[in-house]
Amino acid sequence: MGKKHKKHKSDKHLYEEYVEKPLKLVLKVGGNEVTELSTGSSGHDSSLFEDKNDHDKHKDRKRKKRKKGEKQIPGEEKGRKRRRVKEDKKKRDRDRVENEAEKDLQCHAPVRLDLPPEKPLTSSLAKQEEVEQTPLQEALNQLMRQLQRKDPSAFFSFPVTDFIAPGYSMIIKHPMDFSTMKEKIKNNDYQSIEELKDNFKLMCTNAMIYNKPETIYYKAAKKLLHSGMKILSQERIQSLKQSIDFMADLQKTRKQKDGTDTSQSGEDGGCWQREREDSGDAEAHAFKSPSKENKKKDKDMLEDKFKSNNLEREQEQLDRIVKESGGKLTRRLVNSQCEFERRKPDGTTTLGLLHPVDPIVGEPGYCPVRLGMTTGRLQSGVNTLQGFKEDKRNKVTPVLYLNYGPYSSYAPHYDSTFANISKDDSDLIYSTYGEDSDLPSDFSIHEFLATCQDYPYVMADSLLDVLTKGGHSRTLQEMEMSLPEDEGHTRTLDTAKEMEITEVEPPGRLDSSTQDRLIALKAVTNFGVPVEVFDSEEAEIFQKKLDETTRLLRELQEAQNERLSTRPPPNMICLLGPSYREMHLAEQVTNNLKELAQQVTPGDIVSTYGVRKAMGISIPSPVMENNFVDLTEDTEEPKKTDVAECGPGGS
């Protein structure tokens, strides 16, 4: 019985400890009881009372069991049990009173009023603004969201002040940013998408004007302008009109603005809003569900309308420019036979002439323009052409025979590790071409040793003698024996050129026999070589200058070929610059040509037709064939030469 009593003792206050009493709040307005608010729900209250009644019955059962057990408990414990019973009775009476009071309150209380939670003020205002937005504002907001996505760094989100960018207000007179554009959209300041486009251009151009091209702000503005103009293009806007409902209503709302009456403003707002939503759904459904033919027709009509609008705008701009010119520009067509052949569509042309005299460094206007200044440096790739390289698969690699010396009978005789042909094919190649010598080897060695000293030459000659069994030395001796004869012949030619025949008397006083003797003497001294006869000393100097210029041009070509044919190192991006020798030769050629051009008339250098062609004037010239001089062709008439040969008798 003691264990059983202990078990009931632990469950004595179980329900009272874990069940909380509900809190009640009675609201009174004007002295009358209006509503009752409770933290516990009604279903929970009823279940609470039923559970408490069951709990009281359970207490009565426990009390009867205690009374039965008290008969066997001693006197000291009997008083303690009585006190417990009295406390339980008081608590039970108190609970019963509270339950009856709650039942009375529930019976006399009016119907409970559940107050809804307060709606936030901001959400209602935002909904009101969304309802009041026009289709144009919704379209502009949609475009603004697309434009701001192209600015991830938020460079253009807020206005720029002088504190952020010093001197910004002095340079930029009309600042613009995304927040200002949003404010304008909110205030309904934009009447069309073109105004938003103009403000967007202004914002990007301001950033490009204030910042230098090397800065990240300039590059971001340029990139944003490029992507933004694609978003604001007519094709993208047309595609948005076909895909979004409020964009499709843009054209309809513009037409409805002119036909609306002021009397419609007194209608009920809720009904008007409901009717507007229904009509908007119907219009959107009608806009989305036309056939393909209707879509094509609408698209063609819109394209024609845009083309006509663009033509009208261009015409208006031309008229405005003509008016602002003050009579300098006219719209009349010029009737004339002269025109420019290289005329561009915008009316500009170029003059195809090279400036004859280049300005010297230090003079005003000196600015040499090269092709590399317009193209820039090579960013990727190599600066040389790809050279020819034989494919490795085309190379025949025979087997390699091995020789270990004596006592190697059982060692391998050949190595076929890197061979790509069989042993039989290798033997065939060795037997066919094994004893052939390289014929041009001696010439290649001489070319290789062209700039070397005597000792390498002796080594090369001895090597070639061994290979040719003394034939190389015999060939060299024959060549050395033939050299003195050629040298003597060339020396006589040089002395003949250096000799000058002076005339004692003027040519007019000499008779014909004397002139014939002089001509014969010149021919004898030149050993039959034809001699050029010039009309004057100036012509002879002129011809010498031309010969010198020709020689300089050949040397310049050789120097350029030598420089451009060498393979530059792989770490260099640009080509090798001209050497000092090339610069010196080019300067000499320029000075010679300048001196030669100063001694003749312009008609001797270039024809009238060539000058007119360079200027772009197309006037037919009847004497064009006579005036045209082709400097590249050789003259058909041979040079006047006097040759006289002497017989064996000296006659």
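All positions are counted from 1 along the displayed chain.
Each residue, glycine too, has its Cβ placed from N, Cα and C.
The coiled coil annotation in Swiss-Prot covers 536-567. Confidence in the coiled coil (536-567), given as mean pLDDT, stands at 89.
The compositional bias 'Polar residues' feature in Swiss-Prot is assigned to 35-45.
The SUMO2 cross-link annotation in Swiss-Prot covers Lys21 (among others).
Summarising the annotation, Swiss-Prot assigns SUMO2 cross-link to Lys52 (among others) and lists a large-scale study or a structure entry as the type of evidence.
Summarising the annotation, Swiss-Prot assigns SUMO2 cross-link to Lys127 (among others) and lists a large-scale study or a structure entry as the type of evidence.
Residues or ranges marked as SUMO2 cross-link in Swiss-Prot (evidence: a large-scale study or a structure entry): Lys186 (among others). The Cβ of Lys186 (SUMO2 cross-link) has 13 other Cβ atoms within 10 Å, all protein chains considered.
Residues annotated as SUMO2 cross-link in Swiss-Prot, with a large-scale study or a structure entry given as evidence: Lys197 (among others). Cβ-based neighbour count (10 Å, all protein chains) for Lys197 (SUMO2 cross-link) stands at 18. Annotation note: Lys197 (SUMO2 cross-link) sits in a helical segment as assigned by DSSP.
Feature annotation from Swiss-Prot assigns SUMO2 cross-link to Lys201 (among others).
Positions annotated as SUMO2 cross-link by Swiss-Prot, on the basis of a large-scale study or a structure entry: Lys212 (among others). Long-range neighbours of Lys212 (SUMO2 cross-link) (same chain, six or more residues apart, CB within less than 8 Å of its CB): Tyr218.
DSSP assigns Lys241 (SUMO2 cross-link) to a helix in the three-state reduction. Per Swiss-Prot, SUMO2 cross-link is recorded for Lys241 (among others).
According to its DSSP assignment, Lys305 (SUMO2 cross-link) is helical. Residues or ranges marked as SUMO2 cross-link by Swiss-Prot on the basis of a large-scale study or a structure entry: Lys305 (among others).
Per Swiss-Prot, SUMO2 cross-link is recorded for Lys307 (among others). Summarising the environment of Lys307 (SUMO2 cross-link), the number of other Cβ atoms within 10 Å of its Cβ, over all protein chains shown, is 10.
When secondary structure is read from DSSP and collapsed to three states, Lys344 (SUMO2 cross-link) falls in the coil class. Non-local neighbourhood of Lys344 (SUMO2 cross-link): empty, since no residue in the same chain at least six residues away has a C-beta under 8 Å from its C-beta. What Swiss-Prot lists as SUMO2 cross-link is Lys344 (among others), and the listing cites a large-scale study or a structure entry.
Sequence annotations record features per position, and here Swiss-Prot assigns SUMO2 cross-link to Lys389 (among others). Listed in sequence order, the residues of the same chain lying 6 or more apart from Lys389 (SUMO2 cross-link) and placing their CB within less than 8 Å of its CB: none are present. Following the DSSP three-state reduction, the secondary structure of Lys389 (SUMO2 cross-link) is coil.
The domain 'Bromo' feature in Swiss-Prot is assigned to 131-235.
Annotated phosphoserine per Swiss-Prot: Ser279 (among others), in sequence order, evidence recorded as a large-scale study or a structure entry.
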Take the C-alpha atoms of Lys241 (SUMO2 cross-link) and Lys305 (SUMO2 cross-link) and report the distance between them in angstrom, rounded.
16
How many whole Å apart are the CA atoms of Lys201 (SUMO2 cross-link) and Lys186 (SUMO2 cross-link)?
20
In the three-state scheme derived from DSSP, which category covers Lys186 (SUMO2 cross-link)?
helix
Going by Cα-Cα distance, which of the recorded sites (Lys186, Lys197, Lys305) sits nearest to Ser482 (phosphoserine)?
Lys197
Nearest recorded site to Lys186 (SUMO2 cross-link) by CA-CA distance, among recorded sites Lys197, Lys305, Lys307:
Lys197
Would you pick out, from the recorded sites Lys201, Lys241, Lys305, the residue whose Cβ has the largest number of other Cβ atoms within 10 Å?
Lys241
